[in-house]
């Protein structure tokens, strides 16, 4: 495939145009008065959203050079979303401001390498400042504020606070679609571990990239499964039950994996396979936890059980299993509650007996998984479009709340960044182009606050100047149009979200400024559309 190349200033300008086009579409969603974006879908109803990362993911530009710029910013949004579950729009706005300011300096003759060094140092300093100003949260009211802020919906905030109340900060909260209107919360005994599906062919919901198994059987195997002949007798019995199957094993490979994928593709058997969590002795213990919770048995040579002679009664059962690329959640296992309680007490005794901090931490994780349970938030709406949008907001709000519990909170509304910019006023003692890099970050940090104000119909630059005069923790409440103590008013952001946004934006901006050449595939020549028929005029 032939390539085309672009160099120097024109390459960077093309990237900048792509960054601007994507960021302009995303930043209209920022703040309590952010607008919606309607996204056309090839199939089904269009999506209406005010979630930055959803907008970013949909953008593909026609010009290949501009598209590279857009993809880089998309990376900022996605990385921030992965790390903190929110803050994608803030990260995009920051990246755009850094790129625009930075390219201006490069065009004026500054060294991109030194600029990048200054930008990185400034991002690190801002990140540390934000952390030092963070306030820990444990109050239910604070949790409700964070969730309300993320979802822009008080009802969602209250529900999530209640969910965290029930499962604690280590517990699992999942979101399911409901047939009724409104939202409700259900607490079920369940367990989640950090292993996802072995093959993406097991996915049942392509939109969300998940495998969902309802009323499923669970095969728990301590070793590897690679030989199809060993697995076949049990598989045939399972197919007759017409129930979906989850396989948890050290690994599933070779013939066995091929046969499972083939059966899944043909619709003979709804199946998903995941690797067992943990290592060594801990893996054995966790498999035993899963077996007790689901009423199954671990198939292992040491207890005289092999795959060939296994019957259906060694399989566990659960009402619902959700497998993503990274996690597996088992809800409502069919295990005997008294046995589960015995297991929980046994783990508690082990925690008291151990003198290793690492062991204690891992045992507490197992305890939280067994005793904590799973909170299921059910969400319903009048239309499919509204349902997707509400579900998305709920998931974002849960991630943001987790981030807040982890690292604490700071004032929201972009004001924490305006105040953090003051730590960069002496250019961190840098000189020359490095000092310019620090100054670029200082100027870019006010962009989120400016856009929150602009979207609310206020004059952004005036609002930013006013915020800078206030003490840290105070700022502009875009919902009411007033200035005041934002933390007291419940306008707060998780510090992890804001830090991730700054660091990811700085990382991409630094890479973009130091770009000197672009290589893209040459577009194929369009065939003559008339194909030789008819007359040309």
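Cβ coordinates come from backbone N, Cα and C, glycine included.
These numbers come from a predicted model, not from an experiment.
Marked as ATP binding site by Swiss-Prot on the basis of sequence analysis: 29, 30, 31, 32, 86, 87, 88, 89, 90, 413, 477, 478, 479, 493. Residues within less than 8 Å, Cβ to Cβ, of residue 86 (ATP binding site) and separated from it by at least 6 positions along the same chain comprise 80, 150, 396, 397, 399, 400, 403, 494, 497. Annotation note: residue 86 (ATP binding site) sits in a coil segment as assigned by DSSP.
Note on the binding-site residues 29, 88, 90: the fewest other CB atoms within 10 A surround the CB of 29.
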